[in-house]
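A short write-up of the structure that comes next.
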Amino acid sequence: MVSPDTIRTAIGVVGNGTALVLFLSPVPTFIRIWKKGSVEQYSAVPYVATLLNCMMWVLYGLPAVHPHSMLVITINGTGMAIELTYIALFLAFSLGAVRRRVLLLLAAEVAFVAAVAALVLNLAHTHERRSMIVGILCVLFGTGMYAAPLSVMKMVIQTKSVEYMPLFLSLASLVNGICWTAYALIRFDLYITIPNGLGVMFAVAQLILYAIYYKSTQQIIEARKRKEADHVAMTDVVVDSAKNNPSSGAAAAAANGRY
């Protein structure tokens, strides 16, 4: 008979895989930044915030804080490395005040996590108390991360289009939330259950919106394509007309020259 711990580990491994997919989802954005040599209007805040979330979960998973949480450490340690890579690329292609702001946020995060670690490890003397303090902070940051798609969901409702809410990422978020909620329930862990349970709710809400607005999205895309095709056709007509009647173009140029 398979033990609960074995099932929990298997679910955690799947959860690590889906979480890795989510961590890697911004790669196309950074490929664009690399090619253009500029961060344009992109913000570093999501990556700095995700880094803080990962650092706090690594602290939570330490044997001295919450034993038997190796899978929590591995995926969030990997997430830290990925987010640091994103931030390094952002810094490489940003200038002046933007770069200084990111560096300041980064320094503040490192100082905050270091202070929490020092205080918890020195002033809290049991695993239960350490887990509670760090866990509450993780719930706060984790809930904030999972609530981030609310802005996208608002845009979907306003525009009646799911064009900028990829189905694949919504499905990955759902599977990830389910895996980590199940992982936390097998050996009950309130602090992992809360943010991931909320993550499941937000992912389900995204999928419901996708089902509601899928048809209207296709109509919007088709209307845009027709408009672009009409614009191209009209441009071609104007160009052909100018070629076939060059005197009118010369007359127009002369008229413009008089004014």
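Just so it is clear, glycine is given a Cβ too, placed from its N, Cα and C backbone atoms.
The domain 'MtN3/slv 2' annotation in Swiss-Prot covers 133-217.
Secondary structure at Asn76 (N-linked glycosylation site), as computed by DSSP, is helix. The N-linked glycosylation site feature in Swiss-Prot is assigned to Asn76; the stated evidence is sequence analysis.
Counting residues per DSSP class in helix, strand and coil order gives 7 helix, 0 strand, 3 coil for the topological domain 'Extracellular' (1-10). For 1-10 (among others), the entry in Swiss-Prot reads topological domain 'Extracellular', with the evidence type sequence analysis.
As annotated by Swiss-Prot, topological domain 'Cytoplasmic' applies to 32-44 (among others). Note on the topological domain 'Cytoplasmic' (32-44): mean pLDDT across this stretch is 86.
Sequence annotations record features per position, and here Swiss-Prot assigns topological domain 'Extracellular' to 66-77 (among others) based on sequence analysis. Below 8 angstroms of C-beta separation, residues 9, 12-13, 15-16, 19-20, 53-55, 57-58, 60, 127, 130-131, 134-135, 183, 187, 189, 192 of the same chain, each at least six residues beyond the ends of the topological domain 'Extracellular' (66-77), sit close to that stretch.
Within its own chain, the topological domain 'Extracellular' (123-131) has Cβ neighbours under 8 Å at 60, 64-67, 191, counting only residues six or more beyond its boundaries. The feature topological domain 'Extracellular' is assigned by Swiss-Prot to 123-131 (among others), with sequence analysis given as support.
Under the heading topological domain 'Cytoplasmic', Swiss-Prot lists 153-165 (among others), citing sequence analysis as support.
The feature topological domain 'Extracellular' is assigned by Swiss-Prot to 187-191 (among others), with sequence analysis given as support.
Residues annotated as topological domain 'Cytoplasmic' in Swiss-Prot: 213-259 (among others).
Per Swiss-Prot, the feature transmembrane segment maps to 11-31 (among others); the stated evidence is sequence analysis.
Outside the transmembrane segment (45-65) by six or more residues, the chain places 23, 26, 72-73, 76-77, 79-80, 83-84, 86-87, 90, 102, 105-106, 109-110, 112-113, 116-117, 120-121, 127, 130-131, 134-135, 137-138, 141-142, 144-145, 148, 191 with a CB less than 8 A from a CB of the stretch. Sequence annotations record features per position, and here Swiss-Prot assigns transmembrane segment to 45-65 (among others) based on sequence analysis.
The annotation transmembrane segment is assigned in Swiss-Prot to 78-98 (among others) on the grounds of sequence analysis.
Feature annotation from Swiss-Prot assigns transmembrane segment to 102-122 (among others). Under 8 Å from some Cβ of the transmembrane segment (102-122) lie the Cβ atoms of residues 44-45, 48, 51-52, 55-56, 59, 64-65, 87, 90-91, 94, 130, 133-134, 137, all in the same chain and six or more residues away from its ends.
Beyond the ends of the transmembrane segment (132-152), by six or more residues, the same chain brings 46, 49-50, 52-53, 56-57, 59-60, 65-66, 116, 120, 124, 164-165, 173, 177, 190-191, 194-196, 198-199, 202, 206 to within a C-beta distance below 8 angstroms of the stretch. Look at Swiss-Prot and you will find 132-152 (among others) tagged as transmembrane segment, backed by sequence analysis.
Residues or ranges marked as transmembrane segment in Swiss-Prot: 166-186 (among others). Beyond the transmembrane segment (166-186), the same-chain residues lying 6 or more positions past its ends with a Cβ under 8 Å from any Cβ of the stretch are 4-5, 7-8, 11-12, 14-15, 18-19, 21-22, 25, 71, 146, 149, 192-193, 196-200, 202-204, 206-207, 210.
Marked as transmembrane segment by Swiss-Prot: 192-212 (among others).
Helix, strand and coil counts under DSSP for the topological domain 'Extracellular' (123-131) come to 6 helix, 0 strand, 3 coil. If you draw a 10 Å sphere around the CB of Asn76 (N-linked glycosylation site), it holds 24 other CB atoms from the protein chains shown.
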